[in-house]
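Undergrad: What TrEMBL records for this protein is below:
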| type | residues | note |
| --- | --- | --- |
| TRANSMEM | 47-68 | transmembrane segment |
| DOMAIN | 132-256 | domain 'Palmitoyltransferase DHHC' |
| TRANSMEM | 182-204 | transmembrane segment |
| TRANSMEM | 216-249 | transmembrane segment |
Amino acid sequence: MPSTEAYVPCLHDPQVPASMYFLGVAPWLWRDDDRGYGVFVVAEDTLLWVVINLCLFLLTCTMFLMTTMTDPGIIPRREIQIASASSVATREQLGLVPHPYEDSLYLRTDTGLLDFQHEVQPDELTDEQMNEGYKWCRTCRVVRPPRASHCADCDNCVMQFDHHCPFVGNCIGRRNYLYFNMFIYAALCLGASVIVGLVLWTSGQRSETSLSDNTITLLVTIVSIPTAIVMLLGVILGCYHAWLAYAGYTTKEYLTGRRSHDTGRHLSTLSSRGPSLIPDLTQEVRIRSGAIDLRERTSSVQEMQERL
């Protein structure tokens with residue numbers, strides 16, 4: 001799940017230089033001396049540019065929050081599925097077929113008490129399913145579909161796992177990959193618009209402001225350097241992920257050189273997000289692990305994971 005530590009480094013990318021731009025530069029572009037303000041002097045055609053900058057700033061922040069806060073496609077651990085009685089629904093969402101003798105593709109204990117002392121891979125997986133890319137996760141103890149992978153940072157299996165992004169503190173997967181790409185391109189456009197705004201300000205109005213040349217130079221430097229860094233990273237990441245999306249790769253598939261059977265379609269990573277598989281735990285849970293007997297009522301998956 002998203003980490004609060006992600007807000008600090010990521011906010012230092014597009015938001016901080018853009019905020020300084022709005023505080024230090026935009027006022028000179030916003031106000032017109034002919035309208036009686038008498039403080040800031042500006043060309044008449046720059047108001048629209050400030051509005052464009054503001055819209056891009058809000059879009060970047062929105063896409064950042066959507067990327068960070070959206071469930072990337074986490075496959076609930078087996079104990080979570082048992083607690084919420086959602087194993088059948090989860091199996092259907094993952095495209096798994098029922099076993100001929102058991103109405104579960106997981107372990108036969110899914111309808112009863114969970115035995116934590118055994119780490120046995122289920123023999124219900126058929127050869128066809130394994131050839132298609134279905135695998136057993138020893139950590140989550142669930143069958144994960146093709147293109148899903150276990151994230152060592154989040155300690156969860158994620159559908160269509162792309163990578164774990166430290167800048168947003170969340171995995172990038174099936175359900176937030178589109179938001180992640182939009183965040184990159186929005187930040188890139190925001191950086192470009194800030195640079196253009198600086199050029200408009202320094203080229204046309206520098207001599208008419210009350211600020212000294214040293215102050216203006218310092219302000220432009222503070223804003224332009226981090227903006228240029230963001231733009232450079234945005235161009236690299238934007239081109240890279242645009243190619244990956246067109247080729248139908250995920251980042252992990254490209255780096256490892258291993259592709260699942262259902263890849264190869266252009267823009268397959270930008271296909272339907274699908275519903276979240278994380279259930280809302282509202283029923284009584286009884287799970288035994290050796291001498292442990294838990295009977296708790298909880299309303300969130302995170303609380304249940306902490307208890308287990």
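From the backbone N, Cα and C atoms, a Cβ is placed for every residue, glycine too.
Please treat TrEMBL annotations as automatic predictions, because they have not gone through curation.
Source: prediction; values computed, not measured.
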Undergrad: Per DSSP, what is the helix/strand/coil residue tally across the domain 'Palmitoyltransferase DHHC' (132-256)?
TA: 73 helix, 18 strand, 34 coil
Undergrad: Would you report the average pLDDT that the model assigns to the domain 'Palmitoyltransferase DHHC' (132-256)?
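TA: Residues in the domain 'Palmitoyltransferase DHHC' (132-256) carry a mean pLDDT of 83 in this prediction.
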